[in-house]
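A short worksheet on the structure shown next.
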């Protein structure tokens with residue numbers, strides 16, 4: 001029976017981790033720690049706050065967090081102590097299989113500086129696995145006339161631990177006929193073999209029961225056992241022989257299920273059942289048995305599951321051929337998986353801002369993202385690009401991280417929103433690409449004053465207008481948005497004839513419509529010179545001015561006034577003298593009149609309305625001169 005699972009002394013191992021962390025230190029942007037596997041959740045890994053040059057309380061304030069590409073997080077940040085701790089139990093064998101060194105890489109984002117630090121944590125192996133044969137017993141058939149010194153392959157045990165914690169050796173239960181010899185192959189694997197020491201006699205003892213024990217190293221030695229049942233049979237003096245000691249084959253990772261890989265072949269010169277060869281996998285592991293299938297009769301190896309170069313690029317498969325009585329031979333099949341470009345690049349956005357002020361300086365960070373391609377070689381090299389007509393640029397920073405930056409100052413009035421497509425393309429044939437869409441709003445600032453459509457305005461209103469009459473509508477446009485574009489109108493303070501202009505006209509602050517507050521009299525006010533101000537509602541507000549000339553149009557609202565001759569106050573008729581000898585055309589008098597109106601409204605004409613002596617006098621139509629028409 002296997003020993004119970006190993007549980008490490010966590011307190012002692014944690015202090016070892018602290019010492020290693022202190023010795024390793026950090027590089028410019030690379031921090032290294034080491035931690036044993038199987039620690040409890042929350043176990044200390046390293047003082048990440050100290051190694052970043054921060055206090056523990058600054059981790060949350062400065063947005064320090066772990067970023068990843070979606071795999072299960074093995075570590076977490078303790079914001080109270082400033083430590084990197086385990087997020088759960090870590091199984092080194094599950095994580096790194098039998099790799100001599102198991103390293104987990106993660107990135108720490110210092111969000112306020114948009115800076116990435118690499119952290120490398122080595123997972124140290126502990127002796128938590130016992131050797132396992134994969135089968136509880138092995139049947140071996142031995143010819144009774146076998147000569148002493150004959151060797152019989154025994155099952156190998158597998159221990160997923162590494163180093164001193166891995167498989168160290170084998171022991172065989174005590175008996176007088178067989179001994180154990182352990183051979184080490186070129187690959188470092190120990191192969192146990194059963195060696196016949198004394199001649200056998202089937203009639204004396206037909207069955208032999210042995211126990212093979214495999215043990216590992218480490219502080220607490222673990223072991224596993226397999227029962228070996230030896231049955232004596234009549235003579236079978238030839239074991240199968242493979243045509244090659246090792247078979248090498250390369251297959252593409254996209255090979256369909258059921259496709260042939262290769263055929264192994266072993267021959268046995270014996271006859272009958274002694275020469276009938278069958279094939280099987282030796283020391284088969286779950287991963288191999290799920291991907292490859294061996295036909296026991298033909299030796300054909302075919303694809304059983306989907307290969308993935310990114311999961312494993314190489315498989316070392318042990319095969320065995322045995323004849324009817326049980327003589328065996330072994331060989332290896334070394335399968336190299338060839339990468340094909342079957343993985344599109346992955347883009348992980350770590351930092352993103354959806355809005356930026358239009359006056360932000362060039363070089364402002366819009367997004368920070370990581371690109372990764374699971375393929376290898378040229379298939380795994382990724383190039384990122386954005387459309388060339390954008391005022392933005394991509395800059396590669398730490399590792400596979402890229403920053404999306406502004407290339408120049410933005411203008412919201414020119415473009416208020418950018419829909420950015422980041423394309424990550426690998427170098428495979430044909431290339432695969434991934435598109436990531438980012439929407440960026442340009443936030444408005446109050447950088448544009450309202451603008452009138454004309455440099456100056458003129459308006460006309462007839463005198464005697466009704467109070468409250470609409471005179472003119474003025475409009476100013478502001479290309480900014482929201483409050484920065486809301487325009488209000490006002491009139492500059494001034495006086496006319498000592499009276500404030502605000503008593504004559506007013507302007508609606510929202511619509512820009514100019515209204516008359518009084519009934520104008522052309523004979524008193526002929527024009528007003530106004531200054532209209534349009535202001536936006538930004539902070540601080542911006543404004544612009546425009547001049548407005550308001551002209552009062554004259555109406556014929558005044559009758560002519562006779563200045564000469566003046567009429568007596570007593571109501572009598574005025575008298576003009578003319579000599580009796582006056583000739584026709586003699587100037588008797590001249591009527592002088594004025595009209596306070598202007599233009600055509602002030603043009604006067606004179607007519608003779610009544611005369612006691614018709615035809616004796618004439619009046620000049622435009623001059624008002626009264627002359628004799630004939631002799632008196």
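Each Cβ is built from the backbone N, Cα and C atoms, and glycine gets one as well.
A TrEMBL annotation is a machine prediction, not a hand-curated record.
The following features are taken from TrEMBL:
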{"type": "DOMAIN", "residues": "75-133", "note": "domain 'Cadherin'"}
{"type": "DOMAIN", "residues": "134-242", "note": "domain 'Cadherin'"}
{"type": "DOMAIN", "residues": "243-347", "note": "domain 'Cadherin'"}
{"type": "DOMAIN", "residues": "348-452", "note": "domain 'Cadherin'"}
{"type": "DOMAIN", "residues": "453-562", "note": "domain 'Cadherin'"}
{"type": "SIGNAL", "residues": "1-28", "note": "signal peptide"}
Using DSSP, what is the helix/strand/coil residue split across the domain 'Cadherin' (243-347)?
10 helix, 47 strand, 48 coil
DSSP helix/strand/coil residue counts for the domain 'Cadherin' (75-133)
5 helix, 27 strand, 27 coil
Do you know the DSSP helix, strand and coil residue counts for the domain 'Cadherin' (348-452)?
4 helix, 54 strand, 47 coil
